[in-house]
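**Student:** What TrEMBL shows for this protein is this:
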- B:484-496: compositional bias 'Pro residues' (COMPBIAS)
- B:506-516: compositional bias 'Acidic residues' (COMPBIAS)
- B:553-569: compositional bias 'Pro residues' (COMPBIAS)
- B:340-378: domain 'RING-type' (DOMAIN)
- B:434-476: domain 'CUE' (DOMAIN)
- B:16-33: transmembrane segment (TRANSMEM)
- B:94-112: transmembrane segment (TRANSMEM)
- B:132-149: transmembrane segment (TRANSMEM)
- B:155-175: transmembrane segment (TRANSMEM)
- B:196-217: transmembrane segment (TRANSMEM)
- B:223-244: transmembrane segment (TRANSMEM)
- B:256-275: transmembrane segment (TRANSMEM)
- B:281-302: transmembrane segment (TRANSMEM)
Amino acid sequence: MAGSALRRLMAEYKQLTLNPPEGIIAGPINEENFFEWEALITGPEGTCFEGGIFPAKLIFPSDYPLSPPKMQFVCEMFHPNIYADGRVCISILHAPGDDPMGYESSSERWSPVQSVEKILLSVVSMLAEPNDESGANVDAAKMWREDRAQFNSIADRIVKKTLGLHQ
Amino acid sequence: MPGTLVDRLPLPNLKAYTAGSAALLSMAVYYALTATSQAGWRAGGGAAGAEAAAAADGALEAPAAPAPAPPGDRNLTEQVLDVATYMMQEPLCMWTLINASCCALALAGAGLQRLVFGRLRVAEAQRLKDKFWNYVFYKFIFVFGVLNVQYMDEVVLWCSWFTALGFLGIMAQLCKDRFEYLSLSPAAGGWARARLLALLLLLACAAAALLAVAAVYGLPAGWHTFAFMAAECVLVLVSCLHSLARLALQAADADAAAAPVYYTHLVFDMVALVVELVDALHMVLAHNMALSAGALVLLLQLRSLLARLAARAARHARYAALRALTMHHYPVVPGEGDTCAICWDAMKDARQLPCKHLFHSSCLTVWLQQDPSCPTCRRALLPPAPPAAPAAPPQGPRNTTIHFNRMTSSRYVSWLPSFSVEVTRAPPPPPRAQIDAMARQVQAMFPAHSLAQLARDLLATRSAALTATNILEGRLPPEEEPSFPEPPPEAAPPAPATVAAPTVEPEPEIDEEDDKPVEVQFSSSSHERESLLQRRKRQLVAEARRRYLARRPPAPAPAPAPPAPGPAS
Ligand SMILES: [Zn+2]
Ligand SMILES: [Zn+2]
């Protein structure tokens, strides 16, 4: 079980290393445990998160890729689709089986053909275009809708923080 | 054993327990010494009979019996023997001895744990604690509720029996957890595995030996006794053998999803569950069924065991049904040259779904248990839908209350995941303007590719998504690439610089080592991979910082001042 997961993760790691999508780095922090990765995601250009480098943790289940990994930002985040504790709320990270509220069609959910790379690219697009109907962070969603200027300034502060720049 | 587990337990830790036991033991020995040095102590005990069954009652009177005989002429061995005999007969000393042997076992366990496992991980310690308390609880119920033993020596015998087995069981559990942990890491050394293997073999032998003991001593006492004694031995034995089988299967690099492996696990799971169930049933039947708390607990346990067995059987039925389904309805086709999208390994023979997508047979079976749809295009595999499999949730009206982020954005939607790539479909060729638009869109993501090249590929693929996939998978390297022929397209880290901050020259304020572009390579050594990853991360952050400062310089320095304050220093 874990053996095939390990092989697949190794293959993904290799691909992400040899052929990384722009501005994205991901890999196991410590290879003692290959099922816990850290990813760095560059905020997409032309958005309020532009230029930030956002670190996130990816925890893989032992039956990966049958079940999706869990993803959590480890830096401060303020975004309609990211919970206060950093967990990311996007459909691709949800297993087809667990949809208590029946919100999603299964075509958008996790399947083994998805990959770390696709997850991270989805997250980049989520950063670029939040879905303000999501309930992950209500305050952020409200501010995104009603007070874009303040949202942008918060985002800019977070970007600076992720870069280690303080004023 | 327990003391090594968790600090939060209301158990003393091993050190305190050892110290306490040692103190108690020495007190008991001292007591026995003084008692036996009074000659004639034997008379009191002896009068009550040396038979073990009566010893408890007899020994009570022993110290009270005053005797005038001088103890001076005894040699050391005799004295030791006397003390030992006395201690075996005197209940308080007896319990101290039992406690001391428990303590010795705990120490041995701790030593073994240190030797084989090193530090326990939190999850392992937690599982161990649960297992320990569970075990103690049920065995307590068994000894005092089910057997309802009357004599002290019987209690002692049963307790020592279960202590020994509990020790083996806990060790077996540790081995199982540790093995699972080891299989999570590619770097896990053969040495750790070898130690695990040795311990498992030892445990299996010990369990088998105890089973033999149960047969030799338990059978004469009746079938019930034997069955009670043997059940726990068999459980430990099965657990050890299962772990050994896992080790062997992993060493042989067996395909985890293949049928033989699946059935191996199934057999072990089932045997363990059935033995446990029969044991519990036996207890309930042997119990006099008075409506006691013990009976209630046993019935509850029986119920949970039945539920587990039923769940396992249901899981297997589902597996078998899906396997039959794939076997009969989806043809096996040669899949050479393709990789299975589930495990990313190459395929020799593949199963073909109605949508023409190919997967390993075993991978497909495992996935279908999770969700009866094609992993690639998510087409529901309706034909003869397996009984337990829920149909795909209906799409449509509920979409208005979407909770999760949908990829409906214009900018990313065309090539983002979860959109199927259907090679067999052939829509009419899109107009030129549309091709150009898509080319620009793709080029925004992959600036290294020229518009013309992208347009050519788009004419063939007719989809920005497919072209993006081609680029991502290295099938479409950028055409004009003068100096680096071998690294794949946009792999070189400096690429971002050309897009974002062309006018600002990079400032050499970070470590020299970090400033060199990391060569694109995937080392075979895990340490090298780790350090390379760290370097790439530092580089990415440094680069982003530089670009940020170039775009929005901090207050004191105006925009592109060459020696801008170095943020990294
Ligand atoms: Zn496969
Ligand atoms: Zn398909």
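Cβ atoms here come from the backbone N, Cα and C positions, even for glycine.
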**Student:** I need to check the long-range neighbours of the transmembrane segment (B:223-244): which residues 6 or more away from its ends have a CB within less than 8 Å of a CB in the stretch?
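**Tutor:** Distant contacts of the transmembrane segment (B:223-244): 142, 147, 161-162, 165, 168-169, 172-173, 175-176, 179, 196-197, 200-201, 203-204, 207-208, 210-211, 214-215, 265, 268-269, 271-272, 275-276, 278-279, 282-283, 286.
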**Student:** Quick check on the domain 'RING-type' (B:340-378): DSSP residue counts for helix, strand, coil, in that order please.
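**Tutor:** Its residues fall into 10 helix, 8 strand, 21 coil.
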**Student:** So if I exclude everything within five residues of the ends of the transmembrane segment (B:155-175), which remaining residues of that chain have a CB under 8 angstroms from its CBs? That is, six or more out.
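**Tutor:** Counting only partners 6 or more residues beyond its ends, the transmembrane segment (B:155-175) has Cβ contacts under 8 Å with 1, 94, 98, 101-102, 105, 109, 112-113, 117, 120, 124, 127-128, 131-132, 135-136, 139, 142-143, 147, 149, 196, 199-200, 203, 206-207, 210, 229, 232-233, 235-236, 239-240, 243.
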**Student:** Report, as numbers and ranges, which residues of the same chain sit near the transmembrane segment (B:256-275): CB under 8 Å and 6 or more residues beyond its ends.
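**Tutor:** Hits for the transmembrane segment (B:256-275): 231, 234-235, 238-239, 241-242, 245, 249, 305, 308-309, 312, 316, 319, 323, 360, 362-363, 365-366.
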